[in-house]
Every structure is written in structure tokens, then in C-alpha cells.
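Student: Below is a structure I'd like to ask you about.
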Amino acid sequence: MAAQKAEEISHLPMDQLQGLEYCIDSNPSWGETIALGFQHYILALGTAVMIPTFLVPLMGGTDDDKIRVVQTLLFVEGINTLLQTLFGTRLPTVIGGSYAFMVPIISIIHDTSLMSIEDNHVRFMNTMRAVQGALIVASSIQIILGYSQMWAICSRFFSPLGMVPVIALVGFGLFDRGFPVVGRCVEIGIPMLILFIAFSQYLKNFKLKQLPILERFALLISITVIWAYAHLLTASGAYKHRPELTQLNCRTDKANLISSAPWIKIPYPLQWGAPTFDAGHAFGMIAAVLVSLIESTGAYKAASRLASATPPPAHVLTRGIGWQGIGILLNGLFGTLTGSTVSAENVGLLGSTRVGSRRVIQISAGFMIFFSMLGKFGALFASIPFTIFAAVYCVLFGLVASVGLSFLQFTNMNSMRNLFIVGVALFLGLSVPEYLREYTAKALHGPAHTGGGWLS
């Protein structure tokens, strides 16, 4: 009898992924744990630097303001991650900044009452306080939904079929942070993408003292190599006569973070002054909080699968959402210029390293808090070009999306109704945001353009 081909072998559905080295409660050695925690910290820097770099100049802020916001965001990320891993869902999830909050924050920045301020520093401070007030008000939504157990009631209806588009779109929905950013500096982005895939997938059996060092630390090693290569290109004058946008994406010295960072600075609540409150700003921020709510629920499910943990029951999910609401409240009190959500890229890294240990994430939170207070050292790592992070996102966001698709094994895909639900949900989940993005880019406002600013 001829041997059965690999593609003809059917696999039974399995609640937990196979091949993980360490699950949620098992821990590597202390040295390996610290190195893996530092790796998660480096990955979290991408979003922590990218959001303030985009928003602070729009508000009239300087490089000094930008590094201060980056340090504050990292500090609060570390606190929120510790709270979530100790008291929330207790899953190995990094709680980072969310791109979902950028739309309402940009709307606040363009408020006519703020744009009319001529002094850039005053405009920056007033805008920051307006964003803080909106975040503080909006955080109450997640706190109420979480601690009132209302989200537990809703989450009981999250079937495996419903989780497929929710989790998959957490990864697929961030596609514009991947290769479009890599393409801004292909001489750095493409080698980073190739090197990371080669180390994590094709050279993963290379071991040093029984440790699969290339697979386990593929991110750290590849970032170190490509960062050195990018610095060599910068020092050799390769970008001296290139356009400003190319220099911004390729050079290692254009972020102006190291020179602007203080040696020691401890963020504290209300450091920008007393928050201001506006109903229109708060309504826009509430919409972002609801997006973060759905996004985080999907990410918690993905993290539990990649950490080989039991699927989080309803009461655990709602507790996590409650603590995440407190995290957004801290974002508002400290002034981080964005809200909180589960970091999808760090969830993907759990699968890439095959280490789902909770302790690793708690160590990474310690690095966030430590380096956010030691400004110069944190700014050194934060000066890694965005293109390098974008190359990693191409792999890790795709991995999160595939975890969502893996829930299809628990559904009957011979049912036309199930095929309809998955197909339409995935297609519209990608198509509708693209329509909104194109409409807003052309008209400079959303499709809902009424006389009431808060309603729009």
C-alpha cells in the first residue's frame, strides 16, 4: 500500500496547541526568562514610539515633549501589564498603546478652539489636557462593563465561529502597519523580514547548550544585526542626499530621542496639569474604547491558545476588561496620549518563541518601568527605525490572525450558514475600514458629517 501523503492526513481538533516549550505556569531558567522579557520589551517599543512620534508634532509639541510622552506611555504600559497579569485575566499579555484611539485624538487635535492657539507649547499642553479628560471619561465604559459582569453576559455568546473573525481581524486589521511601512525603506525592511523568518523557522533547530537560541531569540538577534547594518548605512553617508521622508524612515539618528531624553525622569499623575472635559471629545473617545474592548477580547482568546492555557471563562474575561478600564483611566491621569489594549504583536511573539510563560511578560513590564525612568538608556533602544519593527509585524500580526483561523477546526465548515458568516464577516471587516480610510483621506472628515461635532 502506498504511503499516505502528508496533505491527505486529517488532524483531529485540539483545544491546545502542540509544540509549546513553556505554557502559562511553567517558566524557563532565570537567565532565559530575563532575556525573553527584554525581547518583549523591545517589541513593545514600536507602538510606544510610533504613536507619540505621529501625534506630538500635530499638537505643536517639541522633541522634548515627544520623549516625555514616550517615557510616560512606557511607564504606564508596564504598570498596566503587571496589573493585568497579576489581577486581571492573568494571561501572558502585554498591555500597550492602541491605534484605535488615534482617530478621536486627531479629531481633538483639530478642534477649532485648540487650533486657534498661536503659541505651540500652550496648544500642546491644552490639547494634552483635553485628551486626558476624554480618556478619563471614556474609561468608565470598560470599568462598568467589566465590574458589573455585563461583559460576562455578552461573552457567553462568543462561539468558536464568532471568535474566528474577531481574532483574525485583530491581526489582519493592522496590515497597514506591516509591509506598507517596510516599503518606506526596503534596504532595511526586507533584510529584517528575511532574517527574522530564517532564524525563527528555518534555523530553529540550531542549539547552544540544548537551547534553540536562534528560534527563541530570533527577534533580538535579527534586530541587533539589522540595526547595526542601518547604523553603518547612516554613518557611511548613504542617505545624505536622499529625501527627508527616506531619511526619517531609514536613518538611525533622525528620531532625536537620545539628545532630548533626560537622564532620570519619573512620570507622575497630572504631570501636564489638570485635565479638561468636553462632551464632544468624550463621545469620540468612547467609540475607541468600544473598539479596544472587542479587540482585547479577541487577543485574550488568542493569548490563551498560544500559552496553552484553558480558554478564559466569562468571569475571567470580564475581570480583565475591568482592569483594562482602570488601565485607560491611568492613561488619562498620566497623559500617555493614547488608551490601552492588548498588544497584538506581543501575543504573536508568544507563538514565535513557543514560550507562553506569564513570568516572562511580568519581567518585560519591569523593563518598561525601569527604562522609562532612565531616559537616556530607554531612548537608545527607542531610536530603532520603525521599518525594522514593521518587518517583524508582518510575521507576528499574521501569526495572531492564523490563531483566529485555527478556531475553524471547532466549527462545521460543511454548513453553508457557517461559510456565509465567516466569509462576510472577514470581508466586511477589511472592506468597511478601507472605505472609511479612503473617504476621510479625500473629504478630510468622516461619512457622518453633521452639524454636531460630537455626533459626527
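The backbone N, Cα and C atoms fix where each Cβ goes, and this holds for glycine too.
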Student: Tell me which range among 130-148, 282-300 TrEMBL lists as transmembrane segment.
Tutor: 130-148
Student: Below 8 Å between Cβ atoms, which of the listed ranges 38-58, 91-110, 211-230, 388-407 makes the most pairs with the transmembrane segment (130-148)?
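Tutor: The stretch with the most close Cβ contacts to the transmembrane segment (130-148) is 91-110.
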Student: Are there residues at least 6 beyond the ends of the transmembrane segment (419-436) whose Cβ is under 8 Å from a Cβ of it, and what are they?
Tutor: 161, 164-165, 168-169, 172-173, 408, 413, 446-447
Student: Return yes if the transmembrane segment (38-58) and the transmembrane segment (181-199) have at least 3 CB pairs under 8 Å (sequence gap of 6 or more), otherwise no.
Tutor: no
Student: Where else in the chain does the transmembrane segment (181-199) make close Cβ contacts, counting only residues six or more beyond its ends and a cut-off under 8 Å?
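Tutor: Sequence-distant neighbours of the transmembrane segment (181-199): 214-215, 218-219, 221-223, 225-226, 229-230, 233, 245-246, 249-250, 385-388, 390-395.
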Student: Quick test of the contact rule: Cβ under 8 Å, at least six residues beyond the ends. What residues does that give for the transmembrane segment (360-382)?
Tutor: 27-28, 33-34, 36-42, 44-45, 48-49, 67, 70-72, 74-75, 77-79, 81-82, 85-86, 92-94, 255, 257-258, 260-267, 346
